[in-house]
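K.L.:
Pasting a structure here, questions to come.
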Amino acid sequence: MMSKCSSHNSLYALILLAQYHNITVNAETIRHQYNTHTQDFGVTEWLLAAKSIGLKAKYVEKHFSRLSIISLPALIWRDDGKHYILSRITKDSSRYLVYDPEQHQSLTFSRDEFEKLYQGKVILVTSRATVVGELAKFDFSWFIPSVVKYRRILLEVLTVSAFIQFLALITPLFFQVVMDKVLVHRGFSTLNIITIAFIIVILFEVILTGARTYIFSHTTSRIDVELGAKLFRHLLALPVSYFENRRVGETVARVRELEQIRNFLTGQALTSVLDLFFSVIFFCVMWYYSPQLTLVILLSLPCYVIWSLFISPLLRRRLDDKFLRNAENQAFLVETVTAINTIKSMAVSPQMIATWDKQLAGYVASSFRVNLVAMTGQQGIQLIQKSVMVISLWMGAHLVISGEISIGQLIAFNMLAGQVIAPVIRLAHLWQDFQQVGISVERLGDVLNTPVEKKSGRNILPEIQGDIEFKNVRFRYSSDGNVILNNINLYISKGDVIGIVGRSGSGKSTLTKLLQRFYIPETGQILIDGHDLSLADPEWLRRQIGVVLQENILLNRSIIDNITLASPAVSMEQAIEAARLAGAHDFIRELKEGYNTIVGEQGVGLSGGQRQRIAIARALVTNPRILIFDEATSALDYESENIIMKNMSRICKNRTVIIIAHRLSTVKNANRIIVMDNGFISEDGTHKELISKKDSLYAYLYQLQA
């Protein structure tokens, strides 16, 4: 088990190597992402972290004598956690210049000294060509680097395929010998020898085919894992606007298209392509037997291609329609399950069932049209195949009768023709799958080709103090949408408690979304401690802002896991203290499992008020410098709200607090109250100042609630 010190050394070595390659890294981001406070920062975590910041790292085991040929600098990995950065080796390999991350100094070792500390493990590091956070355009060309990456393994598959095709070439020759020699001359001894040889060939063919399938499946599975991992990482890195502009079911449907690509990669299509590649050899042998019969087979190949090209656009249009209907069904299903309480309470199940039946009927009809086109395509392929077989048999019989070829040669030719046509038939039958994969790649591309949130280029970012400033901020959610915020100028000093009130739709919550950098203002600047948020790393920002919404989602984990979600390294005492401040400790203690109670999906095992208090504790446990309450207490009963209001002075201590509320009693004691109206700041002052203005919007709203 690595110590915290060794984990720190590993992380520091990563930062140094990144800086060497002109990549700036925020150490705290890496610590947070890989939880180095409580977990080891081992080889796997190191490699993943290197990949995430734009480095290409590979862990290898090399003999000491081969260190002179590796690319430097490289990380010398040691089991005791005392790693070294190997910077330079003299030409005669007599001196080794290394940097010690623990001692923060460069050291020079002789060959014998360095050989003693070297344990045979090294991490090679180079920089990637692509920019961190951005992906190359996702289409079929995305798989080319994977093919290059696994070229050695794929070369093995190609070699095995060549042997398989060679064995397939021998089989027809055996039949020819049996028909033309053994049967004619009644050569039983020759028959026995051929049979034994045939059995050996069959065994080798089975073994090699199994080996090829295993190697190929293993390689495609690795490509599948890479794509799946990249998809999920990219999905979480997308801006909030991506998810707000799409229904959940549609996004889920696009992600599920990965299954279609997975089935295609692990199916027969690619091995059929390999088999087709070796058909050239078979054609040469077939031409030797009979040029006329070979021409029949060759002329049939364009027929397969033309028919497939004719069917393709019809099939693709119907597959596209099928996907859209399936995505609509997915979205409707997710929406229905999510809103099941509302549907039950309003007794609208019959209407929902009618809508589902209508959509399902449309999807089934679309699927039937896909199957109809696919069936037509397959029947056309079979018609071509059987027509070629009849023509070959008719011509072959004429050639046998005329004495141009023997019966054995005709049988051997037909077997060879079968070996050539089989992969063509398989590919033609798999054309539907290829069209489906094309649709899947296109739909996944909608996710993977969407730009992720831009990260900061700064290396070290200071901790937030809490000064906030909005300068001439104007914002709308879309370029042709309504202006939500207009000419917002606001300065909030660190440690202030600010209340934001106003009518619904006045831009209160949008203000806090901009503060979390979910969106970038159309014009103007938002500054925290003088740092422009449009240039800041969103992870650095959000780790130091605690947010409690009106409706908060809890994960299907224990209460303690939900409270410490953003910072698993905090102690139990810190988590309990946060729960006390949030008024959650007492009810948690009364639960049978206490803090280990599983809350259920989205916290369904708890009441709304209990979920809200846990969400408040979750926001407080990280000790954020800025705390945002967006209607956070509106779902609480008066007793729970009273507990939080009593603790408000402790909650607000040494942090900037922004409270958005419709219930004006919540913000009564704030240092300042900002009144929003139609995207503008209409009023600004204390409760007493605003209430004294009888014609003010705040006084009007307060009077309505009195």
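Glycine is treated like the rest: Cβ placed from N, Cα and C.
The feature domain 'Peptidase C39' is assigned by Swiss-Prot to 1-125, with sequence analysis given as support. Sequence annotations record features per position, and here Swiss-Prot assigns active site to His83 based on sequence analysis. Sequence annotations record features per position, and here Swiss-Prot assigns transmembrane segment to 153-173, 191-211, 269-289, 295-315, 388-408. The feature domain 'ABC transmembrane type-1' is assigned by Swiss-Prot to 154-436. Here Swiss-Prot flags 468-703 as domain 'ABC transporter'. Summarising the annotation, Swiss-Prot assigns ATP binding site to Gly502, Arg503, Ser504, Gly505, Ser506, Gly507, Lys508, Ser509.
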K.L.:
With the transmembrane segment (295-315) as the reference, which stretch in 153-173, 191-211, 388-408 has the largest tally of C-beta pairs below 8 Å?
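P.N.:
Highest pair count goes to 388-408.
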K.L.:
Using an 8 Å cut-off from the Cβ centroid of Gly502, Arg503, Ser504, Gly505, Ser506, Gly507, Lys508, Ser509, can you name the remaining same-chain residues around the ATP site, in sequence order?
P.N.:
Met676
K.L.:
Count, for each of the binding-site residues Gly502, Gly505, Gly507, the other C-beta atoms lying within 10 angstroms of its own C-beta, and report the residue with the smallest count.
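P.N.:
Least crowded of the binding-site residues Gly502, Gly505, Gly507, by Cβ count within 10 Å, is Gly505.
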K.L.:
Looking at Cβ-Cβ distances, which residues of the chain lie under 8 angstroms from Ser504 (ATP binding site) while being 6 or more apart from it?
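P.N.:
Sequence-distant Cβ neighbours: His662.
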K.L.:
Could you count the residues of the domain 'Peptidase C39' (1-125) that DSSP puts in helix, in strand and in coil?
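P.N.:
The domain 'Peptidase C39' (1-125) comes out at 48 helix, 33 strand, 44 coil.
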K.L.:
Are there residues at least six beyond either end of the transmembrane segment (388-408) with Cβ under 8 Å to its Cβ atoms? List them, or say none.
P.N.:
175-181, 289-290, 292-293, 296-297, 300, 414, 417, 421
K.L.:
Quick one: of the binding-site residues Arg503, Lys508, Ser509, which has its CA closest to the CA of the residue listed as 'active site'?
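P.N.:
Nearest by Cα distance to the residue listed as 'active site': Ser509.
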K.L.:
Find, for the listed binding-site residues Arg503, Lys508, the residue with the lowest Cβ contact count at a 10 Å cut-off, counting only other Cβ atoms.
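P.N.:
Each of the binding-site residues Arg503, Lys508 was scored by Cβ atoms within 10 Å; lowest is Arg503.
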K.L.:
Which whole-number mean pLDDT does the model give the domain 'ABC transporter' (468-703)?
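P.N.:
Its mean pLDDT is 86.
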K.L.:
Taking Ser506, Ser509 as the binding-site residues to compare, which has the smallest set of other Cβ atoms within 10 Å?
P.N.:
Ser509
K.L.:
Helix, strand or coil at Gly507 (ATP binding site), per DSSP?
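P.N.:
DSSP call for Gly507 (ATP binding site): coil, neither helix nor strand.
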